[in-house]
């Protein structure tokens, strides 16, 4: 059985593409098969673009490649994906609002896996200058993706 994971953030150019690439890497390193990972945006501002250059650069510093093209979440995603992850409380609130009744997808906050309560929000680094916030988001995703895999993808 194939399981499907969708990472969500506001614009799909910072946190969710990082989370997508990290989850794929985590699964590959653990030799977990039959898991599909994608990412999408709450909003449509960046649809058709690539991830923020700082996200791509941060991933490249860890020998990871991001080729994702931004897309916006659609109602069908709630039926097709098993798990849909938000990065912060605003994402989660919006996901709950968008989810059709009877959705298959379990809505989860990525930071609830493996991170301390005070660090469970994966902050949006978009408006920060430099790439430090992208590295922080990457490190949080590494911990959270590994913890989720161990807890839920047995």
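Numbering starts at 1 and runs along the chain as displayed.
Just so you know, glycine gets a Cβ as well, placed from its N, Cα and C.
Here TrEMBL flags 3-151 as domain 'Phosphotyrosine protein phosphatase I'.
Feature annotation from TrEMBL assigns active site, nucleophile to 9.
Within 10 Å of the C-beta atom of residue 15 (active site) sit 34 other C-beta atoms, taking all shown protein chains into account. Annotation comment: TrEMBL describes 15 as active site.
Just so you know, the Cβ of residue 124 (active site, proton donor) picks up 19 other Cβ atoms within 10 Å once every protein chain is counted. The active site, proton donor annotation in TrEMBL covers 124.
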